[in-house]
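Chemist: Take a look at what TrEMBL says about it:
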type: REPEAT; residues: 140-172; note: repeat 'ANK'
type: REPEAT; residues: 173-206; note: repeat 'ANK'
type: REPEAT; residues: 299-334; note: repeat 'ANK'
type: REPEAT; residues: 370-402; note: repeat 'ANK'
type: REPEAT; residues: 500-525; note: repeat 'ANK'
Amino acid sequence: MGNFTAAQALQERFVRKLTDRFDVEYSDDLTSLSSEIETLAGLYHLFVERVMALQRPGEDFDPFTNATQLSHERGMLARMQNLHRATNLDIPQLNILLAQLNLLGICDISLHIAVQCGAVNMTRMLLDRKELSVNIRDCNGASPLHIAAQNGHSSIAEMLIDAKADVGAVRSDQLTPLHLASQKEGAEEIVLMLLNAGADTMVVDKDGHTAVYLAAKAGRMETTELLLRHDSQHWSTQETILHLATKMGLTPVVQLLLDIWSPASIPPDFQPDRTSAKEVIRRTERYSQRAMLEARNENGQTALHVALWGRSRSHRAIFRLLIESGADIEARDKYRRTALHLAVSQKDKGRGFVQALLDMNASHEARDCWGCTPLHTAAASKAENAIVRLLLSGADIEARDSTGMTPLIRATCGGYINEDKYHGADSATAPAGKNKHDRGDEDYAHIVNVFLVNRAKRAEPDSQDCRGRAALYYAVDNGFCMITKHLLQARAKTETTDELGRTALHRAAAKGHDKIVKILLTEGAVDVDARDKWGQTALMLAAQLETSNSIPIARTLLMASASVNLKGINGSTAFDIAKSRGHTSLMQLLSDS
């Protein structure tokens, strides 16, 4: 390797003398340069020796490395020969030659040469002079930072960035320094420097490719991951680069990754039995498409799960790519949800996903950790199209979750379930409809009607959950007038009681829903004096209200012939309750009845 070191030193001497000559004065008369080139051309023979050494295999012979260096040095020889011959030409022709070589420019080219050769001290000296623009371009539009990035000179790149080099400079082929560094093996440090300096990762080259695409295409997985993590606003250390590319909707990158990890891409010389355990793990992770398709993020989601959260065309394209590559459609996330659970939760945005999964025989009876089937999730998500498709596929319309709720009950709840059930599930992962304030009578009334008038199989309106509460109870509890009417029209039983022995009328009165009380009394067969387990009637519960609704509810009940003399098991009448609470207006109303 001695010849390599010696030749490198001579090369730097040649460049240093040549660039120093340019730095002395910027003159159109380059005649003085001729003698310098004439003298230094003697180095030609030493470069020949170096080329010869590259062609002779030694103890540290590396075919790929030697071939690359040999190609570079032959190019260097040709340039030196041309420069030497140009000394016999006139000045204009010499200028043209210098501009065409891309080793030397017509002016201010010393910085480019120093950077290209990795001459750290020389670069520092030139930058310290403050005479050269750090963003000067060569004939290809490349700045010194482009050259440093392309050659992997991290120390020089750092100096240039500190000197305020433009990290977003675009070469004539639309490549930025980030594009070039992303493709360079072992240039992660430069990539990180550029990112920290504000390099834009979404800039595309003349072919429309971003830096992350070029990194993945070049097989620079560490750089690809670095770029993806930088672009992803919310990422975890458990996410793979496939998760990140999927989340960002980078279809070409996902395609590249799947191609790289496909079985056909595994090197024929890959023999785990001859490799260290650490290397086996590293290479298996890199080359196994199956391992990446099955990899989980912190929410236990595969890349396929992540694709289902997306709502763009690119996410749909990625979904198809993952399926075609063998992604498991029955894989469960942290909350035991399958791809079908997630697809139906996207409402209309997941329509294409739902049908595709059903066509692949995805299980419509799979249960998540709350015991919900995809039909439960679709009901809570107001996904009408998904509900219809699931029912046509044979989904059980009377399936019960862990609390005994049917999909119809989920819809009458406005999608809301007890918050305690979902302890630990954040907004991005909890079942649809967790937020109580997201409910709406009009939104869910149509969904309830879909279950009640479904031609394939009509939902049973009187099915009760584990606490004895039917759909009507929840509709009343939430004050959903339209849903209450739909259920009454479907002949839902008004006398059904919960674990407290209370009917829908009890619940409406206790919650202060005066409009619901009127609907129940006018459209349903209701026992106005029905007692709960404490012997209380709806009128007694209305008397306990602290709101202004107590008067209109009591008046409506009295008009329906509610008894004012009935007593609870504690011996109190509605009047006694109103008196104990100081409701003088209600006391007067009850006294007059």
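Just so you know, the numbers here start at 1 and follow the chain as drawn.
For all residues, glycine too, the Cβ spot is worked out from N, Cα and C.
For each feature listed, report its degree of burial, its nearest neighbours and the pertinent distances within the displayed model.
Modeler: Broken down by DSSP into helix, strand and coil, the repeat 'ANK' (140-172) contains 17 helix, 0 strand, 16 coil.
If you look at the repeat 'ANK' (173-206), the same-chain residues 6 or more away from its ends with a CB under 8 A from one of its CBs are 140-141, 143, 145-146, 148-154, 157-158, 161, 167, 212, 214-215, 217-218, 220, 222-224, 226-227, 230-231.
Helix, strand and coil residue tallies for the repeat 'ANK' (299-334), in that order: 19 helix, 0 strand, 17 coil [DSSP].
Across the range of the repeat 'ANK' (370-402), the DSSP-based residue counts are 16 helix, 0 strand, 17 coil.
Looking just at the repeat 'ANK' (500-525), the mean pLDDT is 92.
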Chemist: With Cβ-Cβ distances below 8 Å as the criterion, list the same-chain residues six or more beyond the ends of the repeat 'ANK' (140-172) that contact it, or say none.
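Modeler: Counting only partners 6 or more residues beyond its ends, the repeat 'ANK' (140-172) has Cβ contacts under 8 Å with 102, 111-112, 115-116, 118, 120, 123-124, 127, 134, 178, 180-181, 184-187, 189-190, 193-194, 197-200, 203.
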Chemist: Sort the residues of the repeat 'ANK' (173-206) into helix, strand and coil with DSSP and give the three counts.
Modeler: 16 helix, 0 strand, 18 coil
Chemist: List the helix, strand and coil residue totals of the repeat 'ANK' (500-525) as derived from DSSP.
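Modeler: Secondary-structure composition of the repeat 'ANK' (500-525): 18 helix, 0 strand, 8 coil.
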